[in-house]
């Protein structure tokens, strides 16, 4: 698995997959996609990167522990529902905000942040598992 | 009485919690003066109560406040202030202020001082909530909070095994009591229809005359007796002395252990006055009083001595509540206050001696009065109140409790004898604690003794001084403390008759003198009594403490045996059990509810040809189906593991294609990603094992697993076919199709359901995903350490996580 072709191509593949995963996550509200699938794609990219570059390299590139990313996701998803309490409505009532930016309208909403939370949980958890499995040395777990 | 005054009641229990959260930060900023800063919180609350609430209470008024808590169940966080709760709250805050101050100096320089003071303040908040709560569920919540915070405090020095044991023991016992309280509250609610104690007190005979009175009484007594360490459940209290001394000074004098006394006083109008009540409380109280008094003489450690006398005092209070006469209840109030003053002060003295001299062993101490004169004054003030000499509040307490009993009846006489004996034991111990460490010959101690810092002296001096102040001003004490407290317990106005006048003709005086004389005898013979008691203990061989250990470890062993039985660690059997259960769950309803009728052959065999028509599919759809079947067969016949894994991937991808072709792009997308990740992860896992040849498996394994697989597969297929024969209920999908865009602003219904309609479910699911991930990491961490945990298990867990 450690061919030079794979190692050279891996960063490109990984970068593309990561961008694509984010795209899939964002478009999920109207077209096939969403945080869950996006997270799976991103985790797969990390697994591929781990195979190509080795686990320590991936951990350096990630900067934070993947499990922390997952924890952040749960917190983000949970907190996205709290905003609605400010408007006297029940927990997790969605709030929409349409930002006019020149010619385009950018819809921002609390479900969007919720979906990003899902993305981070799936991404973080599966990356953590994949990296832990890939690493051979115990101290790297 | 404005709104702001009512609202300030809620502030009293909440403010300490807020301060508790800030305590570590304060410690970082304030350093050595942390204790002084944090003591401001209870001090301010104390002043607030003193200024605003004492005057109304002495006029017999009450205050109530309800904050909406769980409106859908009609639950309010209700607070209620009357004389009784105010006395408890003021005691908690007053002693609390001094203890926080004391703790700041006692643990000065300790790395976790901030955390410690935070626990203390949290405990204080819980205790205040307990005595101010009107709602029984609120009372239960604060009750449990005191158990949890006291667990943290007792086990503060968690690197010591004894501290951990004491903490767990206290937690277990007081939690059993907590459960009793909850059950009692629920039953009382069922009987009366109210959660509020104040309303319950209004329905005097309702509970007493119901058939469930015995049950309610037993549950509430269970709660009070565990918390207030009544015999034979008293043993957790001495073990809780493993806590740092400030904890003992606070929890085991005036607060935590008094929660049971508070509960009994509160419930007196509801449950009290019956023969059972009096009999149980007097019996257990008397036993506890004598047991604790003798226990104190057994000990040589200052803190242990004080802990045992606390048990005795708790027994005394329970006994008095059980008697229930006006004089007895007045004595409860006076004795509670007197005890809080002198016991907290004495614990602080014990801590100061330990801190400055390096030992608490009473036999190793002597002549400290020269070196620590102020500490000695504090100790003497407190101990004189404990002995009950005139001009101290302890004197009134003793007078009041004898007052109701000089009637001449033999039962009253018996109780009186117990009280005199108990008080004599306490007086003897008081003398011992006052004189042994401080007077007599100076003994060498581990540290060179010197006076304690001001913050550690404030407590004993102030509390000891207050004991004298209350003893000198009986009119004020009677009017402002005794009357509101006793009236609140009994629910009727009580007159105070405390006076300094000494009447030589009164039998009370002679009973007091008898008590003192007996006390002196106890003091003189302390060493001999100790020896006798220890010989008795040795002859007896075991104690309630040991029974607890036996039960505790039996339970642990039982749990271990059950766990080993269920979690034997053999993956193969786990899977067999799971799929067996699945097969049964599928076929049981199919067979029993007639789900298979449509497929069983009937007389008209001709129908079969019509049923077995080939579905009308396009060629490429056939190709995809073929791919799935080929992938599956390849898994079965593959010669190496790598090929098997990849073939499984082929089969899964074909499935994803089927989803895609029949209009479920989201599902297809997810299925594809899960397949890819499964293949990657399985391959990684297997790389660590062997990717080449498969294991040889015996025929019976093949047969068993194959049968199970076919049964489960057939079951799922039949169920799906059955579902498809009926008409599909489209109400839900119609609703989502119609509302998805207008309400939820999203066209992808699957995603909108996940993140909006059923967002709360998803939140739960992603939490599970993360939890599963953490568990898998933990399993992987063990991989290197133990051969018995093959990574395959972890891989399976990973798949489960994905499919959530």
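Every residue, even glycine, has its Cβ placed from backbone N, Cα and C.
Feature annotation from TrEMBL assigns domain 'NADH-Ubiquinone oxidoreductase (complex I) chain 5 N-terminal' to B:70-116. What TrEMBL lists as domain 'NADH:quinone oxidoreductase/Mrp antiporter transmembrane' is B:133-418. Per TrEMBL, domain 'MrpA C-terminal/MbhD' is recorded for B:626-689. Sequence annotations record features per position, and here TrEMBL assigns domain 'MrpA C-terminal/MbhE' to B:703-784. Annotated transmembrane segment per TrEMBL: B:7-27, B:33-55, B:116-133, B:276-297, B:374-398, B:410-433, B:454-473, B:619-637, B:642-662, B:668-687, B:708-728, B:762-780 (among others), in sequence order.
Of the candidate ranges B:133-418, B:626-689, B:703-784, B:133-418 contributes the most Cβ pairs within a distance under 8 Å of the domain 'NADH-Ubiquinone oxidoreductase (complex I) chain 5 N-terminal' (B:70-116). Mean pLDDT for the domain 'MrpA C-terminal/MbhD' (B:626-689) in this predicted model: 86. Sequence-distant contacts of the transmembrane segment (B:454-473) (same chain, at least 6 residues past either end, Cβ-Cβ under 8 Å): 35-36, 95, 98-99, 101-102, 104-106, 249, 337-338, 340-342, 344-346, 348-349, 351-352, 355, 374-375, 377-382, 384-385, 390-396, 481, 500. Across the range of the domain 'MrpA C-terminal/MbhD' (B:626-689), the DSSP-based residue counts are 57 helix, 1 strand, 6 coil. In terms of DSSP secondary structure, the domain 'NADH-Ubiquinone oxidoreductase (complex I) chain 5 N-terminal' (B:70-116) contains 31 helix, 8 strand, 8 coil. Each residue of the domain 'MrpA C-terminal/MbhE' (B:703-784) gets a DSSP state, and the totals for helix, strand and coil are 69 helix, 0 strand, 13 coil.
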